[in-house]
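**Q** Here's a structure for you.
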């Protein structure tokens, strides 16, 4: 467990927190756009989008700078490494919920009409949605590796444009009782971990085999010379 906490702290340290200076603008935009359309969905969609943005941005940065290979040189098991990634979903969600409500509180101090803090219903629904999205995200992330950037752009763009329509299409019973969706999301999230672990093992083994084959070929070439 101590190792997992160290990996979580590593993810927090590698996050580019300058992004938080830019996030209030899209947050205000989406809140203003969604609030008149669907009262219960404004904070839900904004928290989900922000969590996904932090999650995907941090993972892409680590792919770009090969942080995974650095971790492989440390005494960390694949299980601990993968579990820390899934735990970070909750960490990013909590940070996103705090930041969104902090921005809402600042607007309330200036007596902005129509601005409020998130309800427990919205927090429960946003948690259910981000667990569901993350359950789809991580298997694809480990399957496509660096190529996932293109898949990620597509998923993020789809969420931006389809978010309001999806929010309006959510059944009223789920909006009123988000805990009904939470067990399903948790089950998919847990199943996703197993799928990601299998993919993660397979891709790392194939990468090591490719590296060994390349090294043997390089040695054979230089010996023959």
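Each residue, glycine too, has its Cβ placed from N, Cα and C.
Just so you know, TrEMBL annotations are computer predictions that nobody has curated.
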**Q** Examine the ranges 16-34, 206-224 and name the one recorded by TrEMBL as transmembrane segment.
**A** 16-34
**Q** Which residues of the same chain, at least 6 past either end of the transmembrane segment (86-110), have a Cβ under 8 Å from a Cβ in it?
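**A** Distant Cβ neighbours of the transmembrane segment (86-110) are 4, 8, 11-12, 20, 23-24, 27-28, 31, 43, 46-47, 50-51, 54-55, 58, 116-118, 123, 126-127, 130-131, 134, 138, 189, 192-193, 196.
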